[in-house]
Amino acid sequence: MDQEYERRLLRQINHQNLPTEARLSKCGSATCSPVSIRSGDRFIPTRAGSNWSINFHYANENCRSPNQTHKVKDATSDSSKGALAWNGEQLSSGSRDRVILQRDVRTSPSAERRLQGHRQEVCGLKWSPDHQHLASGGNDNKLLVWNSSSLLPVQQYSDHLAAVKAIAWSPHQHGLLASGGGTADRCLRFWNTLTGQALQSTDTGSQVCNLAWSKHANELVSTHGYSQNQVLVWKYPSLTQVAKLTGHSYRVLYLAVSPDGEAIVTGAGDETLRFWNVFSKTRCTKESKSVLNLFTRIR
């Protein structure tokens, strides 16, 4: 992570309120960062190589640290949490009522569309890059694909043995969909939605919580829960592991990719955000434009 980005990150954390107390962390290493405290929340950025982590604690006098009052909640047990996915001006949402609602923010809420296909809670949603297809995953272990006009799924995949929360469409190969299963499954699976065929799969060894493709190369990152709580980078289609990133002590439930596509941020039940440089533009390899490649979109 470059120095300018580090400075902007620290300014963003501290610009709203001046710190009431500031001190250097007691660390013999020169890579330790300052610790600053302000009323309300305490933000502790630390640096280790290219990895930033930010710990969130409560510093109010009338509020004890969450670690002192309760254990970190297993987010997978909170059935009230669903899934959201934007598609232009349209928002798709899914929850434990098993229904996917589609609303256009420009119209009345009464004009919503209701998609019914899952038999248990909807826990994953993702629109395809061409905005034509919606993939949904559920606690019924099903992965469904919907088109933009139908009220019923046009494809259903049932190979996963646990809930499907992690879903990602490839930005490089048209119709290529990746999904990850929960603790009883642990597999990454890839699907050709143009033909309805199952492609490669691999056992990751841990619950798959999130998936995201690189914008620059045919690679993807997965975050995991029980039992290893790691972040993995994969090369596709060989499914070789490019990197294994560790540091989180609880399941890595949240993942976001930076606008430039080179860095990611992960959030976990250990109350930390960690920033990683995982995708490099210099390693980008252009996709073959062969007419024999069924996934390549004709432009």
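Cβ atoms here come from the backbone N, Cα and C positions, even for glycine.
Taken from TrEMBL, the feature domain 'CDC20/Fizzy WD40' covers 76-276. Regional average pLDDT for the domain 'CDC20/Fizzy WD40' (76-276) in the model is 92.
Residues or ranges marked as region 'Disordered' by TrEMBL: 65-88.
Residues or ranges marked as repeat 'WD' by TrEMBL: 115-147 (among others). Remote same-chain partners of the repeat 'WD' (115-147), defined as residues 6 or more beyond its termini with a Cβ less than 8 Å from a stretch Cβ, comprise 79, 81-88, 92-96, 98-102, 153-158, 160-169, 171, 174, 177, 179, 181, 185, 191, 193, 297.
Residues annotated as repeat 'WD' in TrEMBL: 245-278 (among others).
Helix, strand and coil residue tallies for the repeat 'WD' (115-147), in that order: 0 helix, 19 strand, 14 coil [DSSP].
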